[in-house]
Amino acid sequence: MKKILFIEDESALQKAFGDILSESGYEMKSAMDGETGLRLVGTEKPDLILLDITLPKLNGFEVLEKLKKNPETKKIPVIILTNLEKIEDVDKAIGLGAMTYLVKAQYKLEDVIEKIKNAIKEK
């Protein structure tokens, strides 16, 4: 079973994704802040990381930068899922190594799940 780590500080969104991902045959682990998320990457070894940018402790850009600088985690695909819509944020995330940048308001849950499935297939 493929494992997804969702680093997101909105518990309702975590629950919604957890339900639909488990129905789709994935195991989801979650973290409410960047520090916990980084720690879980080391212990859980996820196949994909779904990452918000606006997080407590370490923001998503800091988490992404640390992931991509670490030889053990740099190949894990990261999908950004955030409310930040500015092109500078998109460019920064892609420049740091994110595979895809999705703005929450522009995608339905099912569309995000489809992007996750495709990203894991490409891995």
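Our numbering is plain: 1 for the first residue shown, then up by one each step along the chain.
Placement of Cβ uses the backbone N, Cα and C atoms for every residue, glycine included.
As recorded in TrEMBL, the features of this protein are as follows:
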type	residues	note
DOMAIN	3-119	domain 'Response regulatory'
MOD_RES	Asp52	4-aspartylphosphate
Q) If you draw a 10 Å sphere around the Cβ of Asp52 (4-aspartylphosphate), how many other Cβ atoms fall inside it, taking every protein chain shown into account? A) 25
Q: Over the span of the domain 'Response regulatory' (3-119), count residues by DSSP class, listing helix, strand and coil in order.
A: 58 helix, 23 strand, 36 coil
Q | Average pLDDT across the domain 'Response regulatory' (3-119), rounded to a whole number | A | 94
